[in-house]
Each structure stands twice: as structure tokens, then as C-alpha cells.
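Trainee: Sharing a structure below in C-alpha cells format, with a few things to ask.
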Amino acid sequence: MQADLVLYNIGQLVTSRELDKTKKMDNIEVIENNGYIVIEKDKIVAVGSGEVLKEYLTPATEMVDLSGKLVTPGLIDSHTHLVHGGSRENEFAMKIAGVPYLEILEKGGGILSTLKSTRNASEQELIEKTLKSLRHMLELGVTTVEAKSGYGLNLEDELKQLEVTKILGYLQPVTLVSTFMAAHATPPEYKDNKEGYVQEVIKMLPIVKERNLAEFCDIFCEDKVFSVDESRRILTVAKELGYKLKIHADEIVSLGGVELAAELGATSAEHLMKITDSGINALANSNVIADLLPATSFNLMEHYAPARKMIEAGIQIALSTDYNPGSCPSENLQFVMQIGAAHLKMTPKEVFKSVTINAAKAIDKQDTIGSIEVGKKADITVFDAPSMAYFLYHFGINHTDSVYKNGKLVFKK
């Protein structure tokens, strides 16, 4: 076996390889100094510490001395509303002044504003806008992003969002995992006919699946959005069609969406700021990943999800940006990690696990990405920081030094 690339003299190497089969949040391998990674083509072929075995080296092997830097798997942002038209900075002053969201909505703002902008945008306009976001994410060390639809809310514009996501996968290095989320809100044309829209979403499901445009189906199970019964109907059909499931749940009130996620065997339940003991118990007795979005709580000045309580109950947690034009207009997963430490009281190992192997589990990609292990994709991020603790302590800057995607250098500061 001959190496194309060797990264060596690594300071702290966070492989995120799980050391046992438990759901513990701190059970990941960390090589404390002088680590190395050997890469052949797009795969990792060796990981260790000390001197690299000569059997891997040829005169053509590229040797990169990382001079004691922090190295992790490529970060994974497992919950975003990536593709959307427009922005909502005009609502920011109203929010600061304390204007309620429903009042903003009545003035044509909120999700209705983004709905209009997304419907009016061409595919090319959405591509150009989203490419900028993906570049920001890559520069922050992110190599895989989940992307939801849900700002079209009709067949034509939901397909447009999903087609744009597919095209973007070919135009830049970040891997995109697509989620169909027409059940994000009820569009104005169905304002007085919620049942009609539920049926419309169910009709869209086979069309999206037939075109191979989405791997997951998500729904906003929330008071005055979609009930538990409506969510169950949509997600049951989706599951029968071969979609994997996600659920926005317990964001504003606890409606039973978390319990539904466990009942249906969803891959993840997301938000969870208002999760109850019943919901925690349901997740603890399932394999559902709790995908928490603390930058949304930060931006809305709302309560954070009870991460410590969930961790102590044996729940696996991922952290994501929730990047969207309303409640979290930020692509910065590094900041999310720092909030995770400071406000969710997560340890460095817990934080880094939540954006690597657990984030991979939240998009069902744990067999190929999310950890630095032999046989996995060589998606690797190098940070100009000596340790996980320093990275989390020194907030507000971009720590990324370089990013490797499938064994190729795709970003260098």
C-alpha cells in the first residue's frame, strides 16, 4: 500500500473513533501528540502516532508537516435550510424592539417573506447565492452539509430548491445531503385548508423520490404548524416510499414530536429546546440522534436545549447551525461549537463528537465519514490551534488552517 499523502507532526489528533459501542458522548479517541494520517487516493489507510512506517512512503508521497496543529475529521453540519432566496435583515430592528413574530408575519415578513423570495428566484440566482454560503462553510472546516427544502411549499418550487441542491453538489467540494421538507409551514394559498396541504405534501413525496432528489423527509411538528397526527401521516407515507426521517420537534412547545421520532425510528429529532422528561426517556430508549441548534437559541435569546440532562440520560447529541434567513442567519459551525461548550456545558470531547461522528449519524453517513479511521473518506480539517480546549476557549475567530476533501487540499488559509 503506497501513500499519496501523509499528514504528520499533528498536535492533538481527534480521530472521533468511538472506543466502545455505548452512547457515551466522551468515548472518542484522541491522539495527544505526534499523530499522523496516511492517505491513498480518497481513503485513509493508516492512523497513529510516532514515526510513519516506511512501507507507506514512496518518492511521490506528499509529506505535510502540521507543526503541532489540531486535526479533526471534516466537520459536518447536519441541519441547515441552505437553499433560499432573499434575506430578512429588515426584520432585525423589529425583533430587537420586541415586535412579536406573529406581528412580523402579518406584515408579510417571517417565513412568508422567504417563501416569496425563493419562489421568485431563478435556479441560477439560488445557485450563486448558495455557493457563497458553501464557501463560508468550507473555510470554517465543514466538508458535509445537510440541506432542507421548505421555502417553496408547492411542487414546482420545492423541486427547484432540491434541484439546486443537487446541482451544487457538482459545483464545489462540500458534500450535500438533501432533505425534502415541504411540511415546513402551510402556504398562504392553503391558509384555510390545512388538510388540503397535508394531502398535497403526501402527493409530492413519490414525485421527489422518483427523481432521486432527497434522501430524508422532515416535518415541523409544532403547535399551529403540523400536529402529531398530521406529522405521523406524512412521515409514515415517506417511510413507506424509502425516505429516512427527521423531525423538527419541541422547539416552541412540547407537542409529542420527539416521542413520534422514536416511534417511527427517525434518524434524528431536531431543536428540542422544550423537550420533556417523557421525550428524554423516549430518545434514551431509541437510536434517534438529538440534533441541537444552540445558535438559534442564541439569536432568538431563548432557552437552550437541556444538553447535559440529555447526555446524562444516555442520548447521542449532534450540534448544527440551523442556517436559515430567519432564526439563524449564520453558517458558522465553529461558533455553534463554542456555544455548545459555554452555554450547553458540553466538554471538549462531547462538542467535537457532536459535529463529527454523531453528526454523521444524524445524516446516516457514519460508515463513510465522521471519523478518521482506516477505510473512511479522507475528509480532514486542520485547525491553527493546539487543542480542542483552546479552540473552544478562543471564540470569535476562524481557526481553520486547511481542509482536505477526499484526500485533496480544497482550502488553505
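Cβ atoms here come from the backbone N, Cα and C positions, even for glycine.
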Trainee: Let me know which member of Tyr56, Tyr151, Tyr304 Swiss-Prot also records as binding 4-imidazolone-5-propanoate at the site of Arg88, His184, Glu251, Ser327.
Mentor: Tyr151
Trainee: May I ask you to find which of Asp4, Asp20, Asp157, Asp322 Swiss-Prot records for the Zn(2+) site already listed with His79, His81, His248?
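Mentor: Given His79, His81, His248 bind Zn(2+) in Swiss-Prot, the matching entry from Asp4, Asp20, Asp157, Asp322 is Asp322.
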Trainee: Of Tyr151, His184, Asn324, Gly326, Ser327, which binding-site residues are close to His248 (Zn(2+) binding site), meaning a Cα within 10 Å of its Cα?
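Mentor: Within 10 Å of His248 (Zn(2+) binding site): His184.
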Trainee: For Gly326 (N-formimidoyl-L-glutamate binding site), what residues in its own chain, 6 or more apart in sequence, show a Cβ-Cβ distance under 8 Å?
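Mentor: Long-range Cβ contacts: Arg88, Glu91, Gly110, Ile111, Thr114.
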Trainee: With Cβ-Cβ distance below 8 Å and at least 6 positions apart along the chain, what are the contacts of His79 (Zn(2+) binding site)? List them in sequence order.
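Mentor: Correct list: Glu146, Lys148, Ser268, Glu270, Asp291, Leu293, Ala318, Ser320, Thr321, Asp322, Ala362.
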Trainee: With the N-formimidoyl-L-glutamate site defined by Tyr151, Asn324, Gly326, which remaining residues of that chain have Cβ atoms positioned within 8 Å of the Cβ centroid?
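Mentor: Here the nearby residues are His81, His84, Arg88, Ile111, Thr114, Gly150, Pro325, Ser327.
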Trainee: Would you count the other C-beta atoms found within 10 angstroms of the C-beta of His248 (Zn(2+) binding site) for me?
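Mentor: Within a 10 Å radius of the Cβ of His248 (Zn(2+) binding site) lie 29 other Cβ atoms.
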Trainee: Given the binding-site residues His81, Tyr151, His184, Glu251, state which is nearest to Asn324 (N-formimidoyl-L-glutamate binding site) when distance is taken between Cα atoms.
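Mentor: When the Cα distances are compared, His81 comes out closest.
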